[in-house]
Structure formats: structure tokens, C-alpha cells
């Protein structure tokens, strides 16, 4: 048993070894005499063999060596959440109860939580007792156990209460790590890497080399630590030595010890937000990279050191970004609580700060800190490194001259790595670009055993020992991110790879964009030469599966090279390893980027293989067989594409910039940029063989370049484009850059789009772009509210626009700044430190919602049986989305010149299906965006069509399956003689197609049978609401106030369909217990949802409760449960209940496919086994938060009143997500009353096994216990004696059991209203009528958008700090239309008659409903002119002054009459109205032209009679507007949804 002793503070008290339990026991008993030894651990550790051995050995030895002493043990709950005052007090109480005294020795056996907390117990118990640290995690061994820091956490931060209390011993028994889960093991490596990074470069290098072996062992199913025992002990030992040495120099953290906090300033702040989901080491790992980037940003740390640190951390499986994919899986939605302001506040109260000044440890190089102390850093600089969005401030005073050395060329770097890996011997590669691209290349080369790779000169030099082309397969996919160069080069390299036991093939893959970029021509060429290559996803793009062991045949290879020269270079570099010499012929026209091909040939020559160009055949190359011989050293030239940015900066700002290592002799085509582009634009250019200097003209005096062919330097066109943007006086045309459409993004399109945000017009050319330059003074600042400048995950887009941004008058937001890491990770640092540009971090507002569908994004395909309403509902759908509608059957008929019935009669169903599939393929491609495609019922019969439908849905399109009751369908089809007869019964056809409809669709709507106009209108409204949800146009908002959900617990809702409206009175949602239905087939469940929607216009909570969670659905039927939950999403329910007890795979799948449906994560303790102070409830809540539930629902069972009070405490402590939490049982009713969000309620007509309360019972009880206070509401104005508002509101209060009263208060003076009503303690709110709608506004401290635009207030309610004014008249108008069957959005035209206050509300309502033009008619035109001036121009208002104008009015479908109904219509007004009504008399857009009367007396007005009887318009009486505005007013006043039918009857039934 070898034991290493490390001195600290003058004593050798740190002992490190493997399997040293005996040594620990002997050392403690022999040297720390005590009457009482106490071992404290947590419940997890207590179950391990190592702990059992330690305690057993202790007992045995103690009885022999100190029989008078005793051993006590104590276990605490595990986890950071328990490192608190409560747990500390519990340990202290135990010690006191056991009679422990000042001679007690405590052994803290566990991870950092135990070490910190029990160390603090020892520091304070009896004013300090001895403690021995026995760390059992890697993190604790190398960090928290050494140095005497002890502490507990508080709600405000970690480790804020504690003491320095040095342990008597620290025993690091590495064998304890055998029990450590892989994640915890990896977690500890962060601190190990940290100590090496700040102090010991030699150890850091060892760690770089140890990473692969370490990770393979600790992540294996049965880790064998014995195989890495020596390295593991050394890892712990070296890290402990660094920390012990620093602590010995600075025990109380006065200066030097601060260095141990490298990565912790930012890391601790992140951890404070993300704990417990994120571990300490994971957060510190991210913190180290961010603080290293800060050092680089400040010009202290070389970029290569950041890259090296990042690579090392990644090699140990640690995250280096908050947005690391695996890290995000662990922290879930908590990621979105990591906000800059929160992090800065956390950092400001860090213990190592000087007051509130934030201090960071800055790295100078690997193994050394800058000035051996922590430094004060600005919040602005921290904000910059903490976010991926940047605000570029105006270039106010840049240096007149600058010398910039860009990083190594990406093109040359990638080629050099391929050549070196294929070559024999060792080469030292200098000035290699350290970027994402080259990292992927290095990783791939190493994985394929192409070379042994190491570093020298602190990472500046890459040492490659090539294996002469002897590559072999590896077991894992080679992930290449968005590295196009790496993917193309490695595709040919992979064809040379031999087989190994690990695999028979090589798989190359990348990110989403990489899987769109073309690689087909290269694959075709390689296949023709014997390579076996398979596309695993999309034809022509990655991922690729390349069979090993085939090699290249050689001989003649033909390659299309008009898209990418990288295809050519890929084959050129690998050609010497073919079985025969290669002749590479480039076909299809002039190759793109010839200079890059020349570069490849020149580099191959440097590595010993000379390519000869054919003298007889154009664009043809001869490559001999051979093996590259690596030169001793190869220096990478700086990147000429990157050099264009600092040179362009000089051109645009009138300054001078020199690139000292790129000149006319460069291998790179982009080296010509200064001479060929900037010089003709008015710059002074001085270029030697090895350097380039550009001096720009005075700012604003650049000249446009009528035409430039940039084919030799295509990547530089983006730089040229932003320069051309401020070259006034003409246009600049850039051609020869067609290949830029298939780079990281479509760069030409991106440039046109983003330039427009600066006010610069540009247009695409067949192979280029034309930019119409403007005066620099006319540049616009892109709107931050419109997300600023998009980078498209493209480094060159980001860098180019960073130049143009600085010429704007205000700061410009650029997204995804880190994308520059592809070629110039330090670009922003150069802007900041060299060009002295002010940069700021920016954090966009977070939006968790999926992207809302727009016409420019996707389309909708509608499928379903014949007779299900596809045509009608498709029209509604197109109208709502603003799409075009295409009936594919009609399209087919037009294309073939015959109707379908005749076609089938003549040629049969089989021929028709073939033609249908051809048309489907054409339509799905040609009309994939901005269209609703209504298909024939049998579209799913063909395999090709089915695959196309599935692909469309998989790629984000909506395939909507419409269905209705089969019996109704049969009846409908029997009466329709226009369609071809089925060759079999409808039932048989349905049974055959049913599974196909489900397979091919991602959404499902059950269309109820309609027998009345009201039912038809309700179907339309339900369908539009459904479309709103599945497209994201309108998503259910989680209530913030008190809300309820009525729980439907019936086997068949059709039994109570007529009562559903009464059952749902007062509820904010309806919860359908799917598990309690008599049939859970998809058809029956869909029909039940349709019934719910037909009778209750409320969000649906879709719940399938399993037996173990108090329901009826079998727990073991996991696949059926998944199908039912996915069906709920397809049915477009607002909320889906997802049990926290479900398998993780199920939770992940539902979460990933939820679309716009919200998730309620639920756990029920049906037996009441858990008290609310049990940590398990906290764990369940955290699980709900982690799985990204929108709401967490926790249900217990109360046995006493205290259970309800404990629940209230729990709710106060857990506020990250909305929480539904209550107890069942008689004793739990109080908790149901106190619950805030979606309290489940029952009804007298429903089974109620859970003892739920009704809405009336809840409201009454809540009032009785003081939750509600009695309030008074009033209608004010004059005259109001006939106002129906009191009837409406009081009827609603009574129905919901609310303690409110609504009365009338006649007044013409608002001050009187204030004194008598508003200023009273029981004031609840006002309904305001004339003449007070304007005067009342002086009391409103805040106005709604509607009230501001309309310019009047009809509703006033008290809010914190004042009063909120709203106008619900417009809602009364719009909802009256909608309830009458008018779609909520339609691009029709509207008419408003009148010019008073209600007219303003009518205009606002019609605009909100999507009217493209609103015509105005009134007796006095001057009043209309004033009205038009008060509305924004986009309302598109037009005054109709004459009858002639009325004749020319475009078809009007919506009209609102806002003129007094008790007086005869003015004859001139009447004539104009009649002409307009006559023009809109026919039904279009799926609804009948409709007129709303704003006056509710008399019931039928003259204009209503005219419209209905003479012009056949649908009319809506004014009483409907009154009810609908009151419905919204009721919600504003009380927070409750009004019982609509009840308030309607109260108003209508006088």
C-alpha cells in the first residue's frame, strides 16, 4: 500500500493512495485521541462497500486500541439542496443529544457537500472540534477537502456562511472513486484541469494525453479503475500539491489563494442559477472558458491557449458552453434563467470581490496566471463574453494605423493536416488555425489513427507524426459540425481507410446545415472509382456511410468541379494512395476557384508529390502513386480571406492597416482582394511579395465598382459587399460567386436580406450580387426589436456585418457572434483591443414557444376520407393563414383535361392512382410554401405519395387529417352523384386507410356533423381555434391569477353533451380524463374532443392517468400510453398531462413533439405517504422543471390541517414554474381552495370520487377565509337608467358565487365619480358610458393599446400603483362577428357607418380582424377626416363621399352601423350604404356578408332591416355587442371567465 504525503501549512496531513482504509483508521485512532469519534456521511455513501469497510475496520480497531472510546455514525440526505442551516442544525442536535464534548473527532466521509457542511459543524460545535476529511469524490479530493474552507449555502448564494477550519487530516483514498457515477467522476476533472491550467503546464500536457484513456474507463459499464490506478493517483496527487502549495502561502485567501478561483467567478454564478441540475465542475468548466475568453478579449491570453484549454475540457467530457447539447439536456429549461443581469448580480456578491467590484483570475498562458492575482473587470466586458449576441457601437475614433496578423489560413491548415496525416515522418506545423473546423479535422485524423498528434510551445506548434496513409476505422461517427472543408476532404480520405475490429465502415455526419450542403459530385466520382458510399439521410448530403477496405482503384476519374474546388482538392490529395496512378479530369465547364486547386498542387509538392497538368486535355491532372514525405517544419500562411476584414475596416474608416505576412506571392486567391477590389474603389494599396497595406479615402468617399469578377476569391465577396454598401454614386456588381449559395448558408441571399436592414438595396444576379451603394449618412440602424443582424451561423456573414455596423449612428445588434470561431475566434477581441471599438453583450428576450408558422415557412396538406369537409375546411384554413388554397383533384383534372369520374371510367382506378401520385409529387414540391393543398381521399393508397406526406411532416410541414363520423359520411356520399362510386363499401375503405392516415399526418381534426347554422358557425370557430394552436398563431397563456379546470370524469361525454355548457360555467379550462373513457381508440377519443369543443369554448387539458397514479390506464401499456399522448398533440389540445413517473424515453419523445401544446408535468402521491417537507416533493418539482413542463402539478393527500399549511410553505419556496399543488381527501379541501392555477373542480352532474369542490364552493370558502373581499362595481354615465350592465354582471356573480355587487351611478362629472366611488376601499371597477369615456382617462395610470388607439375608456379597474383603463367595445364588435360565423382573421374589406366614439372602436375591431381596407360613411365628411388622421396609415381607411365612389368600392363583407337608430337615416348616407351593401351580397371567403348594429334599441333597426331583407346580408343585433363587451369586461373586473349563456339571458330576456 503506497501512500503519498503532501505537506500543507507545515504538516504532512494530506495522504493520497489507493485502498488505504486501514491506514485511515490506524492514523486517526493512533494520533487523534478522543472519547467519541463520529463518522458523518450521506445515505448514498452509506450503502457502498468502501464505507462499510471503513466503519467496520474502525469499530474493530477502536475496540482493541481505545476500548473506552465510542464510535457514532450519522447519515444526512444527499445533494447540494441539503447543504443548509436546517441540516447543519440536525447534525448538531444529534451531537448534543449523544453527549459529544470538545474532544470529539468528526470524520466527514463523502463528497464536497459533506466536507463543506460537516467541516463547518466542526468549526462551530463547542467552538471548534477536530475534523478529518475523507473525500469520496474526485472533486472533493482535489478541491473542497483541501485548505480548510467550510460552509453551507443560503437562498442567496453558495457558501455564504462558513469558516476557515483546517482538518487534522485529509485522506484521499482513490478506491472510493470506484463507486462514483461517471458524471460525478468527470465533474471532478474540471478542478484537476483548473489547477494544471493556472500552475503546471507540464501536468496540463499529461492530462491532455490521459483524457482518452480516462474517459473510456470511467464511462464503461463496469469501470475498472485498477487499469488506470497509477495515473489516477498521480492526477489527484498533482492537483492536491498545487492547491496545498497555494494554501500554505495564503491560508485565508488574502491574495495568492484567489488564483484557485480561476473559472469560479463566472462558474459559481452559473451554478447558483442551475443547481442542482448542473454540477459544480460542469459550471466551473464553462466558467474557465468564459474567463479565458475574457483574458483573450483583453489582449492577455493567446487564442491558441483558449483553444487548447477548451479541447482539454471537452476531451474529459466537460461542457465549455452553456448551450452544449449534453449540458442542456441536464439543465433543461433552467437554461433560460441564466441571464446576464442575474449572473452579474451573483458575481457582484462573490466572496473574493473588493466590495461590489467584480474580480476575475486572468490566464496569461497555460500553466501561468496574469500577475498572480485576481483582477477587477468591468461589467461591460463580462457581459460581452457571457452572451452570443453583440452590440457593435459606432466607430468613433479608431487608430489611424494598425498592424494585424490574422490567424492561419483555414484552407492551408486543413490541407496541411490531411497531407501530414497521410505522410511518413514527423512534421511541426506552425501558425495552424485553431478553430472549430480544424478541431474537427484533428479529431477525425486522430480517430482514424492517421497520425499521432501532440503539441509544443504551449500549444502554438502542432506535432503530427504521420502513419503513411495507414488509416483504420473507429467505432464512433465522425461529427464535423458545419465544417464543409473537413467533410469534403475526409470523404475521400475515408475511402482509403482500412477495416478494424471496431467497425467495417466510416460514418461522416454534421449539424443540420451541414446535412443540407452538397457533396454529391464528389460521391459520384468516388463511387465510379470503386468506393462504396451510402447516403444515410438526404441524397447528395451528409451523413455518409463509407465502406472500409476498398481503397481507390485509380486510373481516370471524372469530376464536376463547378460548385466547389474542394471536391478537386480532396481527390488530388488522396490520389497518390490509389492502386493505380490517377488522371483527374474536371468536367462540366470551367472549374470554380482555380487558385485553390493550384494551392493544393503546390502544397502536395512541398510534401513530396508533384502533380502535372495535362498538356493535351483542359482541366486535367496526372497524379503519380506515392507516399508523402513530411517536411521537418511547415508554416501556415495567415488566412487571406480573414485579412480582408481588417483591410476593409481601413477602407471604410479612412485609416491605414497592414497585414505583414500576406502579399503578392501568397498561395491564396483572396490575397488579391486589396489590389483588385479596394484599390479601384479609391483606396491606396501598397503590396510587396509578403505584406499588404491599405489606406482608405476619407470616410464616405469610397467609389462603387461597376463590375468585378471575384471567382478567384469567392469567399471575399461578403467583405466587398459591405464596402460597396457605402460606396455612393452608383452600383457595384460582383459576379463569379455562384458557389456561395451552397456555403454555410446561401450567402448571396443572406447578404441581400441583411443589407436591406441597413437601408441598402441589393439584388441577386445569376452568379452574383448587385449592391446599390448609399451615402454613409443614410445608413439605417437595424432594429433590435427585429433581432438585428442575423449571422446564419456563418463566420463570414458575422465578420462582414461587424464592419458595416460600426458606420451606423446607433449600436447594431449582431447575432451568433461565436460563429466567427470557425476561422477567427479572436475577431471580436481584435475589434476591441486593436481597433478600440466599443462592444457590448446583448441578451434577447427569451421565448420558449416553437416558431410560429408563416406563409414564407411552410404550407398545409389536408388529407382524409371523401366527404369529411376537406374542401370547405381547407378554404377556412387558407383564409385564416393568408395562404392560397389548391384543390389537387381539380388541379389533376385541369392538367389531364378530363374529370376524375370520366378518367376512372375510361382507364380504371389503378391508372388514376398513378396519375394522382405524379400530381402529388409535383404539388408537394411546387406548392410547398404558402399553400393549403386539399387532397383526394385516396392519396394515401400509393406508397410514393405516403412517403412524400411523411417526409413533408417530418420536415416541419403540417399534414392535417380530417375525419368525421362514418355513418354521417356514408349518408352524405350516398346523396352525392358528382363523384365516382367507391369500388367497395365506405367502412372497408376506411379500415384499409385508417392506419395510413395516422402514419402520414402529424395533426388530426374531428369534424362534427352540423345540422344548423349555429352548429356550422361553432364548427368554424372551433376549427379556427384549433388552427391557431397548431400553427402557434395563438397559444394558451398559463393563467397568472386564480383559475380553475372542470374535470370531466365520464365514460362518454355525449351522454351530457347538452349540459356541458352548464358544467363548465366559471371554469378557465376543461380537463378530459381520457383514461376514464369507455373506449380509448383514436376515433373515439377524437370524437370526444370534438364534443368538448362543440359545447365548451375552453382550453382542453388532456389527461391519461395510470393506475399507479390514481387512474384507470394500465401502467404496463407504455406503447399505448405513448400513442394516446401523441394523439392528444395531434388533436391540438392546449395542455397535455405528462406523468413524472413515465419512462424517460416517453417524457423526452412527448416533450420533443409537443408543438404548441403545453405540458403539465404531474405527480400524485395517492396514498398520502409523503409529507410536504419531504425532499422527494422538491425532487419531483425539479424533475418537472427539468423536463421543460409549462406547469408542474403535484397532488398529495392530507391527513391533518398541518399538511395544507406545509403545502403552502412548499409553494412559496418553489416558484420557477407555475405550480398546481393541492391535497386530496376531506382534510385537503382547504388546499384546493388555496391553490391558484387550474384548481380542479367538479359539478353536480359529474362523478366525483376524488371529492373535488365546485366553483361555487371554492369561491364561497375563499371568501369566508378572507381570500376575496366584497367589492362594488358600477356603470357610470348619463342617462343609464335602462343600462343592462347590472343585470349582466350580477347574473355572473351569482352563478359563480362571487361576493360582488354591480350598480348604477348616474353622473356627468368624473370628479364626482372619483369622490363617491373610485376613492372607496371597496371599489372594484367601472363600466363607463357616455359622456364620461374621455374624461375618465385622466384617472388611468396605464392604458391598453385598444384604449390608446380608440381614444376612449369604457372599463376602469384598480391595479397596483393606480388604475388601468381599457376599451372592450371593440371586443364586443369582433366577438359578435366571430360568434355569428365570421372568421377571426379575414382579408376582406370592412365598412363603418358613423363618426362617433363607437365608430372608432369599430375601426379598431375590423383592423384586428384583418380587414385590408375599411370604408367610412357619414353625413358629415369633416368628422371622418378627423377620424382618419387619428389612426395609423396601415389601417387603410377610405372615406366614401359620393355615390360614384360607393359604386367603386371593393366588395365589403363586414359592416358596423354606429349611427343613432332612433332617427331616420340621412338620404345621402342611405344611398351610399345601399350601393355598398348591394356589392357585397354574395357569400365569399366561406361566410355570408354580415352587418352588426351597435345600437341595442330598438331590437331591429332600419339599417338591419334594409341589409337583411333587401340585400340578403346576415345581421347581428346590438344586444350581442353589449353582451360580448360585457363578457370581456367581466373578466377584467373579476379575473373569472363569465358564464356566457347566463349573462346573455340576463341581457336579452328583459
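Positions of Cβ are set from backbone N, Cα and C atoms, glycine also.
Not measured: the values here are computed from a predicted model.
Annotated region '3-dehydroquinate synthase' per Swiss-Prot: 1-379, in sequence order.
Listed in sequence order, 136, 137, 138, 185, 225, 232 are the same-chain residues six or more apart from residue 177 (NAD(+) binding site) with CB atoms under 8 A from its CB. Annotated NAD(+) binding site per Swiss-Prot: 42-44, 80-83, 111-113, 116, 136-137, 158, 176-179, 187, in sequence order.
Counting only residues at least six positions away in the same chain, the Cβ atoms of 112, 139, 187, 190, 267, 271 sit under 8 Å from the Cβ of residue 280 (7-phospho-2-dehydro-3-deoxy-D-arabino-heptonate binding site). Taken residue by residue with DSSP, residue 280 (7-phospho-2-dehydro-3-deoxy-D-arabino-heptonate binding site) is part of a helix. According to Swiss-Prot, the 7-phospho-2-dehydro-3-deoxy-D-arabino-heptonate binding site annotation covers 127, 143, 149, 159, 191-194, 243, 257-261, 264, 280, 351.
Among the features that Swiss-Prot reports, Zn(2+) binding site is placed at 191, 264, 280, with the record citing sequence analysis. The secondary structure of residue 191 (Zn(2+) binding site), as reduced to three states from DSSP, is helical. Residue environment of residue 191 (Zn(2+) binding site) contains 26 other Cβ atoms, counted within 10 Å of its Cβ in all protein chains.
The active site, proton acceptor annotation in Swiss-Prot covers 253 (among others) and is backed by sequence analysis.
What Swiss-Prot records for 268 (among others) is active site, proton acceptor, and it gives sequence analysis as the kind of evidence. When other Cβ atoms within 10 Å of the Cβ of residue 268 (active site, proton acceptor) are tallied across all protein chains shown, the result is 23.
For 392-837, the entry in Swiss-Prot reads region 'EPSP synthase'.
Annotation source Swiss-Prot lists region 'Shikimate kinase' at 857-1047. Mean pLDDT of the predicted structure over the region 'Shikimate kinase' (857-1047): 83.
A helical conformation is recorded for residue 871 (ATP binding site) in the three-state DSSP classification. Same-chain residues at least 6 positions away in sequence with a Cβ under 8 Å from that of residue 871 (ATP binding site) are, in sequence order, 887, 934. Residues annotated as ATP binding site in Swiss-Prot: 864, 865, 866, 867, 868, 869, 870, 871.
Annotation source Swiss-Prot lists region '3-dehydroquinase' at 1048-1257.
Swiss-Prot lists 1193 with the feature active site, schiff-base intermediate with substrate, giving sequence analysis as the kind of evidence. Around the Cβ of residue 1193 (active site, schiff-base intermediate with substrate), 27 further Cβ atoms fall within 10 Å across all displayed protein chains.
Per Swiss-Prot, region 'Shikimate dehydrogenase' is recorded for 1270-1550.
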Which one is it: of the binding-site residues 42, 80, which Cβ has the fewest other Cβ atoms within 10 Å in this structure? 80
Here are the binding-site residues: 83, 127, 264, 870. Which has the lowest count of other Cβ atoms within 10 Å? 127
In the three-state DSSP scheme, residue 865 (ATP binding site) belongs to coil
For residue 83 (NAD(+) binding site), which of the three DSSP-derived states applies: helix, strand, or coil? coil
Residue 867 (ATP binding site) and residue 191 (Zn(2+) binding site), compared by Cα position, are separated in whole Å by 68
Position of peak Cβ density within 10 Å, selected from the binding-site residues 187, 868: 187
These are the binding-site residues: 193, 260, 865. Which one scores highest on other Cβ atoms within 10 Å? 193
Residue 870 (ATP binding site) and residue 1193 (active site, schiff-base intermediate with substrate), compared by Cα position, are separated in whole Å by 38
For residue 866 (ATP binding site), what is the tally of other C-beta atoms lying within 10 angstroms of its C-beta? 18
For the recorded Zn(2+) site, enumerate neighbouring residues of the same chain (Cβ within 8 Å of the Cβ centroid of 191, 264, 280, site residues themselves excluded), in sequence order. 139, 143, 190, 194, 263, 267, 268, 281, 283, 284, 287
Nearest-integer angstrom distance between the alpha carbons (Cα) of residue 869 (ATP binding site) and residue 193 (7-phospho-2-dehydro-3-deoxy-D-arabino-heptonate binding site): 65
Applying a 10 Å Cβ distance cut-off over all chains shown, what neighbour count does residue 113 (NAD(+) binding site) have? 25
For the binding-site residues 137, 159, the largest set of other C-beta atoms within 10 Å encircles the C-beta of 137
